[in-house]
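What follows is a short report on a single structure.
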Amino acid sequence: MTDAATNMRLKLPITCFILEIILIILFGTLVQYDYETDAKEWHNTSHQDYENDFYFRYPSFQDVHVMIFVGFGFLMTFLQRYGFGSVGFNFLIAAFSLQWATLMQGFFHGMHGGKIHIGVESMINADFCTGSVLISFGAVLGKTSPIQLLTMAIFEVTLFAVNEFILLSLLGTKDAGGSMTIHTFGAYFGLMVTRILYRPNLDKSKHRNSSVYHSDLFAMIGTVYLWMFWPSFNSAITAHGDDQHRTALNTYYSLAACTLATYGMSAITSHDGKLDMVHIQNAALAGGVAVGTAGEMMLTPFGSMIVGFMAGIISVLGFKFLSPILEDKLKIQDTCGIHNLHGMPGVLGAIVGAVTAALATTDVYGQGMADVFPAVADGSVNATKQGGIQALSLAITLGIAVLGGLIVGFVLKLPVFGTPPDTLCFEDSVYWEVPGSESPEEGELTSVKPEETEHLNS
């Protein structure tokens, strides 16, 4: 039997049931199919079935969905005793967040006649929002209870929708791949939460805050899925035609260049020239993050490769040198290193987007300017001002993420959430039935000490 403080027998079912009942009521009251999903509305107009947006967007949605549930979930399985928590809580948070995001994003973007209209594009956007929450999850991985994670998701999804509305609807910011709205927001929100939840005695669990051979292999499954599908992620909601094609291509080459930079930097920063699997699992993905904002712009293939190359270098240096400083000096215990994979590359992507937007001309974009920068095309703003809007959007995103993360962190610090003790962080058996657990004498795959077993069974 687990410790009374971490026992989820009543807390988790009550929380899950109440949240889902509320969601069902809200969906029943506010949500309905959009015209491309509704049987009556679709057949009231003259068109062919293959013109339905489903056939254009669903392949991208499938890829994004795999990234959310398989990619993010398995990327975090590197911890030797927290594989269930990584994949399992990722599953739980994502299932809740996509429903709550549908409501929050619909409230700001999709209200028609007092109803939220949903279709395949709203599914993609909900997954994007969920991705931001899962990024924040990476910062607090192994140190929080499922109740805390669900509570964090409630607040973060809401703030994500507010930030997204300000940037995309009010300011006219371009951020199709979410360098700002998804990665920067999720990273700095999560970093502030984990700062407030700082554990001065986390060293008591440091023997579990590491990987073993097979756990790193599982994490590489997540890396490979994310790497393969990132072009779909960045291009999923861009305009059909050349915009979507260009975004996928730019992401494709950015990731490739980033990967070579990652391998090179990993060897350089190691005193014996050996590769660090932490770098390969994470930094090789930074190119997808960094090209998210500018991916749909005329960045050019070599430009996207430069961005990816820079992102790989920055990310590896962050893992090697910056993460220890953040923990020692700023007391930011970032379990997955989200600052290095999502935070700094996200900021880089926002800067690249601002510069690329400021340099946009009709000679380069022609009539395509209307798709990429509609406000510039219709004369509402010039390219320089669009670049300024992009830069302002980064500042707004950072402000909302930092302030929101600090506030939510204090909420999560309340003693009602059943957090694991310092001695049992990064340990599945606190919240999960773990079959076939090995004793320390039987092998090195387990790091549970005898006194910790007594604590769990008390």
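Count begins at 1; order follows the chain as displayed.
Placement of Cβ uses the backbone N, Cα and C atoms for every residue, glycine included.
Going by Swiss-Prot, these are the annotated features:
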{"type": "COMPBIAS", "residues": "449-458", "note": "compositional bias 'Basic and acidic residues'"}
{"type": "CARBOHYD", "residues": "ASN44", "note": "N-linked glycosylation site"}
{"type": "TOPO_DOM", "residues": "1-11", "note": "topological domain 'Cytoplasmic'"}
{"type": "TOPO_DOM", "residues": "33-58", "note": "topological domain 'Extracellular'"}
{"type": "TOPO_DOM", "residues": "80-83", "note": "topological domain 'Cytoplasmic'"}
{"type": "TOPO_DOM", "residues": "105-121", "note": "topological domain 'Extracellular'"}
{"type": "TOPO_DOM", "residues": "143-151", "note": "topological domain 'Cytoplasmic'"}
{"type": "TOPO_DOM", "residues": "173-176", "note": "topological domain 'Extracellular'"}
{"type": "TOPO_DOM", "residues": "198-216", "note": "topological domain 'Cytoplasmic'"}
{"type": "TOPO_DOM", "residues": "238-247", "note": "topological domain 'Extracellular'"}
{"type": "TOPO_DOM", "residues": "271-274", "note": "topological domain 'Cytoplasmic'"}
{"type": "TOPO_DOM", "residues": "320-340", "note": "topological domain 'Cytoplasmic'"}
{"type": "TOPO_DOM", "residues": "362-391", "note": "topological domain 'Extracellular'"}
{"type": "TOPO_DOM", "residues": "413-458", "note": "topological domain 'Cytoplasmic'"}
{"type": "TRANSMEM", "residues": "12-32", "note": "transmembrane segment"}
{"type": "TRANSMEM", "residues": "59-79", "note": "transmembrane segment"}
{"type": "TRANSMEM", "residues": "84-104", "note": "transmembrane segment"}
{"type": "TRANSMEM", "residues": "122-142", "note": "transmembrane segment"}
{"type": "TRANSMEM", "residues": "152-172", "note": "transmembrane segment"}
{"type": "TRANSMEM", "residues": "177-197", "note": "transmembrane segment"}
{"type": "TRANSMEM", "residues": "217-237", "note": "transmembrane segment"}
{"type": "TRANSMEM", "residues": "248-270", "note": "transmembrane segment"}
{"type": "TRANSMEM", "residues": "275-295", "note": "transmembrane segment"}
{"type": "TRANSMEM", "residues": "299-319", "note": "transmembrane segment"}
{"type": "TRANSMEM", "residues": "341-361", "note": "transmembrane segment"}
{"type": "TRANSMEM", "residues": "392-412", "note": "transmembrane segment"}
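Tertiary proximity for the topological domain 'Extracellular' (173-176) is limited to same-chain residues at least six positions away from its ends with a CB under 8 Å from its CB atoms, namely 167, 234-235, 237-238, 247, 292-293, 295-297, 350, 353, 357, 372-373, 386, 389-390, 393. Mean pLDDT, taken over the topological domain 'Cytoplasmic' (80-83), works out to 95 on the 0 to 100 scale. By the Cβ criterion (distance under 8 Å, sequence gap of 6 or more), the transmembrane segment (152-172) is not counted as touching the transmembrane segment (59-79), fewer than 3 such pairs being found.
For the transmembrane segment (341-361), the neighbouring stretch richest in Cβ pairs under 8 Å, chosen from 59-79, 217-237, 248-270, 275-295, 392-412, is 275-295. DSSP assigns ASN44 (N-linked glycosylation site) to coil in the three-state reduction, outside any helix or strand.
Between the transmembrane segment (217-237) and the stretches 59-79, 177-197, 248-270, 275-295, 392-412, the greatest number of Cβ pairs separated by less than 8 Å involves 59-79. Count of Cβ pairs under 8 Å against the transmembrane segment (275-295): among 59-79, 122-142, 177-197, 392-412, the largest is for 177-197. If one looks beyond the topological domain 'Cytoplasmic' (198-216) by at least 6 residues along the same chain, the residues whose Cβ comes under 8 Å of a Cβ in the stretch are 77-83, 142-143, 277-278, 281, 331-333, 335, 422-427, 444-445, 447.
A C-beta separation below 8 Å, combined with a sequence spacing of at least six in one chain, links ASN44 (N-linked glycosylation site) to none of the other residues. Assigned with DSSP, the residues of the topological domain 'Extracellular' (238-247) fall into helix, strand and coil as follows: 6 helix, 0 strand, 4 coil. Residue counts for the topological domain 'Cytoplasmic' (271-274) under DSSP (helix as H, G, I; strand as E, B; rest coil) come to 0 helix, 0 strand, 4 coil.
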